[in-house]
Amino acid sequence: MAYVIAVPRSRVSAEYQGTTIFITPVRSPQSQLFDLRNHAGPAIRLPSTYAIPKKQPFRSGRNVTLVIHGGAGTMSRKNSTPEQQYVYKAALADALRAGYDVIRQGGEAMDAAVAAVSSMEDNPLFNSGKGAVFNSDGKNELEASIMLSKPPSTNIDYPTPPPLTRRGLSATLLTHARNPSKVVRALYLRPDLVPHPFVSAAHAEGLAQDVGEELVDPDYFFTEARWKEHRRGLGLPDEPYPSPEHSADLITFTDTAAEGQQRAEEPIPLDAYPTGTVGAVALDSRGCIAAVTSTGGKTNKLPGRIGDTPVMGAGFWAEEWKQESVRSRHYPAWLDNTLELLGLASAQPLEGKTRSVGVSGTGDGDYFVRQATASTVARRMQLLGESLKGATERVVEDLLADGGIGGLIALDGEGNVAMPLNCPGMYRGVIKADGVPKVAIFKEDGLEDMDSK
């Protein structure tokens, strides 16, 4: 087969065995064809009308970054007010600031991610912790997970350092843990007590209490909005409430109210029947990426149902690897050299380069489990040489093709962020080294600077 570099009117393309890579030229001369069968890449001469961009130097510095989501689903701009939207945006900004305060001081990625997630767990707007949905029996069953691309720093105080092979831990069927994200962090750091990557129910909560994590009465998780979702979803009247004596907690939320100010009534969630989750992915100054995810699951799920949030590879993932060459799987080395000469950044990463990624998903978790969505992002990057953007967009498209709605947040070792979604909205935000929280809700929205508000 002939290997051809084609120079059409508006772009240059390299074709090899059905794979086409496009290059945009500076000018558009008449079409010309160059037969490369008898040429090595470095010998190719380009028309003088084309400018070849200089190769950008690789930056070794770390770009501390935190990206979060507060759930994806059917939230509607039409059915919400600007005031309601602002409350959510302010809550996202608060979570970003909580996590950023950790990493800007040189803290661990996992601690930054837990700080952000626990902020949302304490906020009844989100389907986790205080705002968790009810199962079909009218109970709250919570789930959470944590995963690191590499072991945490040795300056963390724990009795037995996690072994190199201990990458994460998840917990499910929690009914008393105030902050499930803090529970999984604490148990992850105690391999002497919990040698397993997945624990559940009362025993997991007992271990969490043993290491100092707070347990609460199940009434703590009750919110009127979630209870109404539960009852209406079953075709039942809103009342009776399960804990009328606990109703004082229904007016304890305000987005950023200072101590002593008038507290607002509990806001109505924008997503009528949430399937979402909250999550954070952080990159610290050591280059470690941590993904932390927490959820109440699906409204009216069956008791005992386990979703994607605690399933490693489905709803969460973090990994670091030394990239092996994958050029030979797609096209020969001389074509790769030619593409470099043309000024196109190779579609394949440099051999030997260390790459890493962290992922947290949100949406209909049953589909994430079926497709191993989170770890598939890493596999596409590693085995196909795809960029973070390309890999995440593809897996979210695959979810939709299978009938699943949702989105995900992802972060790589260079500080690149991806937040693709296939549904009307996803509460999301990012904060980088400049410390400016930027957030968005609806699919078509760009990120909004919350420091300017």
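Just so you know, glycine gets a Cβ as well, placed from its N, Cα and C.
According to its DSSP assignment, Thr277 (active site, nucleophile) is coil. The Cβ neighbour count for Thr277 (active site, nucleophile), using a 10 Å radius over every protein chain in view, is 35. Annotation source TrEMBL lists active site, nucleophile at Thr277.
The substrate binding site annotation in TrEMBL covers Arg305, Ile306, Gly307, Asp308, Thr362, Gly363, Asp364, Gly365. In the three-state DSSP classification, Gly365 (substrate binding site) falls within a helix. Other Cβ atoms within 10 Å of the Cβ of Gly365 (substrate binding site) number 29 in total over all chains.
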Substrate site span - longest C-alpha distance across Arg305, Ile306, Gly307, Asp308, Thr362, Gly363, Asp364, Gly365, in Å: 16
Give the residue from the binding-site residues Gly307, Gly363 that has the most other Cβ atoms within 10 Å of its Cβ, counting over every protein chain displayed. Gly363
Please work out which residue of Asp308, Asp364 has the most C-beta neighbours within 10 angstroms of its C-beta, and give that one of the binding-site residues. Asp308
Count the Cβ atoms, other than its own, that fall within 10 Å of the Cβ of Thr362 (substrate binding site), considering every protein chain shown. 33
Within 10 Å of the Cβ of Ile306 (substrate binding site), how many other Cβ atoms can you find? Include all protein chains, please. 18
Arg305 (substrate binding site), Cβ-centred 10 Å count of other Cβ atoms over all protein chains shown, is 17
Check: min Cα-Cα distance from Thr277 (active site, nucleophile) over binding-site residues Arg305, Asp308, Thr362, Asp364, Gly365 goes to Thr362
